[in-house]
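Listed features, source TrEMBL:
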type	residues	note
BINDING	GLY219, ALA220, SER221, GLY222, SER223, GLY224, LYS225, GLY226	ATP binding site
COMPBIAS	463-472	compositional bias 'Basic residues'
COMPBIAS	477-491	compositional bias 'Basic and acidic residues'
DOMAIN	203-383	domain 'FtsK'
REGION	447-491	region 'Disordered'
TRANSMEM	12-33	transmembrane segment
Amino acid sequence: MIGSGLAKSARCWRRCYLLAFLLGIAAGVGAIAGLTWAWWALAGVLVGAGFPGAVWQARWPGSYERRVVWPALRRAWRKRVQLVWPEVCREAGLSSQRTVKARDGAGSVQVWTPPVLREVSASGVWVDVIAQVRMGQTPDELIAAAPRFAAAMNAQSVATEQLAPAVVWLRLVMCEPLRVPVTAAVPQHVELDRITLGRQVDGSPWSMQLIERHTLVVGASGSGKGSVLWGICGGLAPAARAGLVRLYGVDLKGGVEIGMGEGLFTTTAETVDEALVVLRTLVGVMDKRLARMRGVERLHRPAPGEPLHVLVIDELAALVAYSTEREKVAEATKLLARLLSAGRAPGVLVLAFVQDPTKKTVEMRGLFTQTVALRLRSAEEVRMVLGDGMTDVAPAHKISPATPGMGYVVQENGTAVRVRADYWPDGLVQHIGHDFPAPVKQPVVHVVPAPGNADNGGSRPARSPRKPRSPRASRGLRSDAATRSDDGEAS
Ligand SMILES: Nc1ncnc2c1ncn2[C@@H]1O[C@H](COP(=O)(O)OP(=O)(O)OP(=O)(O)O)[C@@H](O)[C@H]1O
């Protein structure tokens, strides 16, 4: 999808082609009516320029945008920076003023000297400006004027950074290609290393590494955590069906989210007790794998029968902070911390979602190896989620509630990128839950205590195991069982 600036530019070019084409026809008619050869030449040039351009634009809009519209827009942005720079600097009080003699020697003129524009370049949907402050100025003065440049350039947003003691970098984001939502498609291929979740601000695909990573996604209510959750689980669906991945879902908000695509999951948990069973089982799997790997390999490679185990927790705070059952919360926190600290190498990964990073979850933040910040409520939350110094370059607290699924990720090279997850409507989630059933099902089996026995450990009445889905379920995870005979996998 293209942003409004791009759409405007495309419209403008379309009009030019149409005009060239019509003028060409008019010149041709003039030539037929007996005018000179010059009219024939004009007609040829105009029709020759207008017609192929119009056909290219109509027939191959993607390549036309890439090769014609974007380069023209970027050229125009660069020129505009050169144009507005002296004026904005003067208005912002950044230029120095001198009176010099006029060239003709008659009288004097005022000369304004702005900070030096060292480099102006444009790529993607932004313009990068590198400027050097004048003697006696501080970089902070230039950084404080950044919103004025953004307004003068009609930019959507501006990011700043001090590159050297006297050098400042400004990135003006000129149009918003992520404004229009895109609906996700049914995944076609087994993807394991990187899962494609949506688009980056420059229009390229946004993909995220999953293997060797524990992922934390933070976003206020309604920020679109569901689309990241289903982007990852849906993206893993072909691998799950092929037996390369097992998904375990913990959804303590009544199972509303994970229940939509329950078929994808090997096990789902909706109470703290069920979640504890899943956590104990995965810690057991992890410990056994680690013991097997010792001295043999350092990183587990997923294979059928030796799958990657992915624990998906919707609303992490419900598990480690909100529950009033303190002993259970303490155990869950401990088990989760073990998975987060040792699960990466043996292929037992955690993918957690949370609304509020200020609660106890923040204690665990350091154990996650990658973080996605969707819309947050304050600059302080951005700092908590993405780290110090990120509020300017990844202003997740400024994301509009009208663009759910939009957020910031910090790449391996340390730069922050704005992204938007594709939207997963309920029907699509149900569809993949149905079409990509987990080959192994291990429902949590509650052991009903004998009358008069101690607490059955459940916060809701014991229930009979869920009916296994096809293919036939393996033995379930027992709420009284801490370990399994094998990896915890199907026997
Ligand atoms: N990527 C997206 N593109 C467009 N719309 C989206 C996207 N993701 C979510 N939405 C819309 O935003 C609404 C809220 O999304 P979602 O339920 O995923 O938020 P959430 O962060 O999980 O909220 P909560 O924490 O309250 O459950 C959805 O009903 C959907 O209509």
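Every residue gets a Cβ built from N, Cα and C, even glycine.
Neighbour counts of Cβ atoms within 10 Å were taken for the binding-site residues GLY219, GLY222, GLY226; the minimum is at GLY222. Report note: the ATP site is defined by GLY219, ALA220, SER221, GLY222, SER223, GLY224, LYS225, GLY226, and the residues of the same chain whose CB lies within 8 Å of the CB centroid of those residues, excluding them, are GLN355, LEU374, ARG375, PRO404. The average pLDDT computed over the domain 'FtsK' (203-383) stands at 92.
Most Cβ neighbours within 10 Å among the binding-site residues SER221, SER223: this distinction goes to SER223. Under DSSP, GLY219 (ATP binding site) is assigned to coil, being neither helix nor strand in the three-state scheme. In this structure, the binding-site residues ALA220, LYS225 were compared by how many other Cβ atoms lie within 10 Å of their Cβ, and the smallest count belongs to ALA220. Under 8 Å, Cβ to Cβ, and six or more positions away along its own chain, GLY224 (ATP binding site) finds LEU374, ARG375, PRO404, GLY405, MET406, GLY407, ALA421, TYR423.
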